[in-house]
Amino acid sequence: MARQMTSSQFHKSKTLDNKYMLGDEIGKGAYGRVYIGLDLENGDFVAIKQVSLENIGQEDLNTIMQEIDLLKNLNHKNIVKYLGSLKTKTHLHIILEYVENGSLANIIKPNKFGPFPESLVTVYIAQVLEGLVYLHEQGVIHRDIKGANILTTKEGLVKLADFGVATKLNEADFNTHSVVGTPYWMAPEVIELSGVCAASDIWSVGCTIIELLTCVPPYYDLQPMPALYRIVQDDTPPIPDSLSPDITDFLRLCFKKDSRQRPDAKTLLSHPWIRNSRRALRSSLRHSGTIRYMKETDSSSEKDAEGSQEVVESVSAEKVEVTKTNSKSKLPVIGGASFRSEKDQSSPSDLGEEGTDSEDDINSDQGPTLSMHDKSSRQSGTCSISSDAKGTSQDVLENHEKYDRDEIPGNLETEASEGRRNTLATKLVGKEYSIQSSHSFSQKGEDGLRKAVKTPSSFGGNELTRFSDPPGDASLHDLFHPLDKVPEGKTNEASTSTPTANVNQGDSPVADGGKNDLATKLRARIAQKQMEGETGHSQDGGDLFRLMMGVLKDDVLNIDDLVFDEKVPPENLFPLQAVEFSRLVSSLRPDESEDAIVTSSLKLVAMFRQRPGQKAVFVTQNGFLPLMDLLDIPKSRVICAVLQLINEIVKDNTDFLENACLVGLIPLVMSFAGFERDRSREIRKEAAYFLQQLCQSSPLTLQMFISCRGIPVLVGFLEADYAKHREMVHLAIDGMWQVFKLKKSTSRNDFCRIAAKNGILLRLVNTLYSLSEATRLASISGDALILDGQTPRARSGQLDPNNPIFSQRETSPSVIDHPDGLKTRNGGGEEPSHALTSNSQSSDVHQPDALHPDGDRPRLSSVVADATEDVIQQHRISLSANRTSTDKLQKLAEGASNGFPVTQPDQVRPLLSLLEKEPPSRKISGQLDYVKHIAGIERHESRLPLLYASDEKKTNGDLEFIMAEFAEVSGRGKENGNLDTAPRYSSKTMTKKVMAIERVASTCGIASQTASGVLSGSGVLNARPGSTTSSGLLAHALSADVSMDYLEKVADLLLEFARAETTVKSYMCSQSLLSRLFQMFNRVEPPILLKILECTNHLSTDPNCLENLQRADAIKQLIPNLELKEGPLVYQIHHEVLSALFNLCKINKRRQEQAAENGIIPHLMLFVMSDSPLKQYALPLLCDMAHASRNSREQLRAHGGLDVYLSLLDDEYWSVIALDSIAVCLAQDVDQKVEQAFLKKDAIQKLVNFFQNCPERHFVHILEPFLKIITKSSSINKTLALNGLTPLLIARLDHQDAIARLNLLKLIKAVYEKHPKPKQLIVENDLPQKLQNLIEERRDGQRSGGQVLVKQMATSLLKALHINTIL
């Protein structure tokens, strides 16, 4: 019984109106489900589409049902037949012809047949076009062509389904907030609501072709909203590359952006792709297209493989040819290397024996220290040759002599050959420089090294023997060759008279008069002494050395600057330098003590600064491998000192740096660049300086840096605490720009992707925030005045280890004098003893941060005191010389005008040591760390001395004067690491500038103990405008120009990332990053604001970013920027804001509503009414507001938006869109406020005149909006009919387009039904005759072309008129 009841209920629920029985569900769409049905009267199978009536009004429902009744009259083999409709309380059921094989979209699924070949697609698309030709002739636009709406029978016949009704359902459902349905097939004009036409179906046909060929339509990899955006934005959808030329041309015609340029369906049927490929349907099905397609794929794969083999062979041949060419090419011959041309022709493999001979080429006028050291090292090397190497060395020597004899001048041949024997013996011990690797990597590197690392080629074995003469032999004639024996082309390279000269710069030829200056002067001095009756011989050689020192002191060396014991008499100092150099180098071994390694490293650093030529000796004889071994020692002091030594060696010498990279130094140094809790900041700084050299020295070193994963290291330097890590942040910014400027095949987008993946974007935004705060503070306090009329130059220089600012030739640094026991010296910088700094610094040698003599380079006080105590006297300045400047500091310390209270003046800490160690009571990190990074302490022409407060009270002084002087120093210096561009200062001027810096330093030291400003979490000092605490001083100390320069660089970097591909942009669209970026809109100056807005605009062009921008309240943050009315860059700012808002709000109703809620409509009105060039962005947004929401429409009405719409009817381009917006406002006019606005006489007259004067090409598009207007408002319908619209409608019935005729008949019917005097309308306009002519023309078939729906509509309207006439 229960089973029978269940069965009865089942059948009852499946029966529709006792006429159809519902079966299984066979499909599902946006507005309903499709079931198979059985006609209970005749047994026919039908398809029944079930549509919910929940969101459809009664009036719209009646219209849809009337449309279905009209479509029942259509009959064509390529369209699905409408059979009728049935309505229940909850659903509308549309009865359709059943097509048994289902849709093409279902057939091409991967689990079925998969994609179709072009031949089969041609068969199906030809039938689709046939169906469209019929529909368009009947005045019907399908509006939803896609694979799911193309059904097939088992005979292969194609039928178009779901035409006409689906779109009306969409229009009837005003609860939708965006374009719904199937966006991937939509034409741009459909998405933009600018008028649907028959050409919209042609666009959809193109999308369907790609769907059948690939299983998915264009942009299917995107979400629906981004896809809609791309359809509108892109010039054409992506077309697969593998298609034939004919089908590609066909698709390009379908995808014409302008709908008026697309061909109609009938024209496309005659396209070569369709015409050439059409064949009998059954024939095409008998021959499996899929099999043919697979065969074609296999054959094409074989061809590809053959082509690839040819490419490989071609590349291999090319490589062989390049190798042959390289092996035959001659290396450039420069200067002293001119006798090596034959050897240079050897292949790279020969360089294993001969490639290291570059050290034979140092000129005879090399400095004595280097020459004597060469002698000792060569002798020791010769003695240590192993027996196993003798045979090889002899062969090499004989071969070497054979090459060189023909090239060397005859009078030097014997000496040069003997010298080469000694040189090669030395190299065979293993101390040669790694030129072999350099050659294989870069021919330029070898040439540069031969120029940079030169040993005396003109000194033969005799000369080396004579250097070891007994002390009593003081004969000078054999020390130098006669001037006429010096080979031409030799250059004077050993001179270091200019402090900024580097080894590379020694390559340039010197004037002829400069050759052998040292020998000439020494000979002249000896001759003078002999003429005076004195002799050059002495038992102890003292007179000889005095003569040599006199010449050297004037010409080559500043002996007082050397780091040796000042108590040693001059006659004994010279040989001690060579001995000391050898001793220091020999101490650089892992088995030495920590103190010994550190001491030797720092002494070598000091020596290299005074004698840059010694670097070549060190590199030639030792290389970088011993230093790399020392870096493996897990001791901070050793690592710091060795890194400092490496930096000094490679400083400004690209060849040394490149060869250091070749032996693997980059990854090793990188390991010290990252942040670790137990790693001192000074080690990171040394590593950072080395990496900066890599970025700025040459493209080759930059490439090696990048290839060693250098970009993540640069990202790590963007520390959050900008005040504390300013140099590293600047390094990272400059380094990233160097990477981006690298001109290589690698795409810049790849670099962006690597950096973004490693978290650079959030760091850049935080840095932007910090720099903007720094710039703001500097602006509030007022930037420094420049006494000489020059403004501080914005720089992006290096973390120079020397901070050069003084020329050794012109002056020696001037410092505040202290008791001798309180200071030590190292190279040109001073250092406080532990006694002075113990109250503020830890003396722990494992924390080099605390021992910081020059602001950015580490020194170890306890070691340097021992290493450099011998040269204290060099830079001493008497107390009397500094009395005035020290007096000035007192008034500064008292803070008379700046509010710096003095507490414990006797214990004021040095400025830089103050920055390295925080007071115990301070809780906030980096409170005054800006001072530590004062521009000008970082990079100038000589090391700034350590600045620290004096115990003596100072008087006089003016803070503004000091800051002006300081800003001048800060603004100068190297530009991009070029030492030679730095200005020169006289001794007097430089002393004054140093005094100014010293006074600032002491004042900052005092202020730091009482400063009231604190740093934010990002390390930026926050202070009130006009504050007299430390913020004002810090703002001066950090040049506004410098901070602004880096602020712009960071903004430009963000812009680069915003322009990158979607993957990079996705990293930029995190919620926290965007929120932080938008917060800066009100904090930055217009130039930076414009760049941030450009970033936002670029992000908005990517559909995948729109949702993230919306979540970050981009619309809310952008709109206030439209309030800017005057000032710099206002137009550009408005342009970026409107463009971004346009991209965000286009298509999406929710975002349009959000924009309206945030007050965009008044701004849009202003741009439109003022006829601004930005009107192109404002108008679409303003018209979209009518479609957004009830609230947006209310705001439109309140701000006069309806009047703007009416005025746009005179604009040919915007008239159709404006009319559609008017129709939408009326359709949703609940309280009739919009209706009242349009019932005004002026509004009615504008609408009538617009209809009358509408251009022909727009006429078809305005009929549907007019139909909406008169069907939604009876009052406007009547008013328009009485004011001249009716005659215009009837007069246009002779239009030949079926779509136009059909809509005109609908309009006439709507007007007739609401007209107050229908009989008068019929008689005055002779309407029955007009309709009869339509029906008769249709019967003749001459003009109307079989327009079934037009005939049906005219006939039904004529019947209605006849009834009214009778009544």
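Start at 1 and count along the chain as shown; that gives each residue its number.
Cβ atoms are placed via backbone N, Cα and C, with glycine included.
Listed in Swiss-Prot:
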ACT_SITE  D144  active site, proton acceptor
BINDING   I26, G27, K28, G29, A30, Y31, G32, R33, V34, K49  ATP binding site
COMPBIAS  293-306  compositional bias 'Basic and acidic residues'
COMPBIAS  378-396  compositional bias 'Polar residues'
COMPBIAS  397-408  compositional bias 'Basic and acidic residues'
COMPBIAS  475-491  compositional bias 'Basic and acidic residues'
COMPBIAS  492-507  compositional bias 'Polar residues'
COMPBIAS  799-814  compositional bias 'Polar residues'
COMPBIAS  835-845  compositional bias 'Polar residues'
COMPBIAS  846-859  compositional bias 'Basic and acidic residues'
REGION    285-422  region 'Disordered'
REGION    437-513  region 'Disordered'
REGION    792-860  region 'Disordered'
REPEAT    25-62  repeat 'HEAT 1'
REPEAT    86-125  repeat 'HEAT 2'
REPEAT    538-576  repeat 'HEAT 4'
REPEAT    633-658  repeat 'HEAT 6'
REPEAT    704-742  repeat 'HEAT 8'
REPEAT    906-943  repeat 'HEAT 10'
REPEAT    1045-1066  repeat 'HEAT 11'
REPEAT    1067-1105  repeat 'HEAT 12'
REPEAT    1196-1236  repeat 'HEAT 15'
REPEAT    1257-1280  repeat 'HEAT 16'
REPEAT    1281-1317  repeat 'HEAT 17'
REPEAT    1347-1367  repeat 'HEAT 18'
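Structural mapping of features recorded in Swiss-Prot.
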residue	record	Cβ neighbours (10 Å)
I26	ATP binding site	17
K28	ATP binding site	11
G32	ATP binding site	19
V34	ATP binding site	19
D144	active site, proton acceptor	26
For the repeat 'HEAT 11' (1045-1066), sequence-distant contacts whose Cβ falls under 8 Å of one of its Cβ atoms, 6 or more beyond its ends: 729-730, 733-734, 736-737, 740, 748-749, 752-753, 755-756, 760-761, 764-765, 767-768, 771-772, 775, 794-796, 1077, 1084, 1087-1088, 1091-1092, 1094-1096, 1098-1099, 1102, 1104-1105
Alpha-carbon distance [K28 (ATP binding site); D144 (active site, proton acceptor)] in Å: 15
DSSP-derived helix, strand and coil totals, residue by residue, for the repeat 'HEAT 11' (1045-1066): 19 helix, 0 strand, 3 coil
Local backbone state of V34 (ATP binding site), from DSSP in three classes: strand
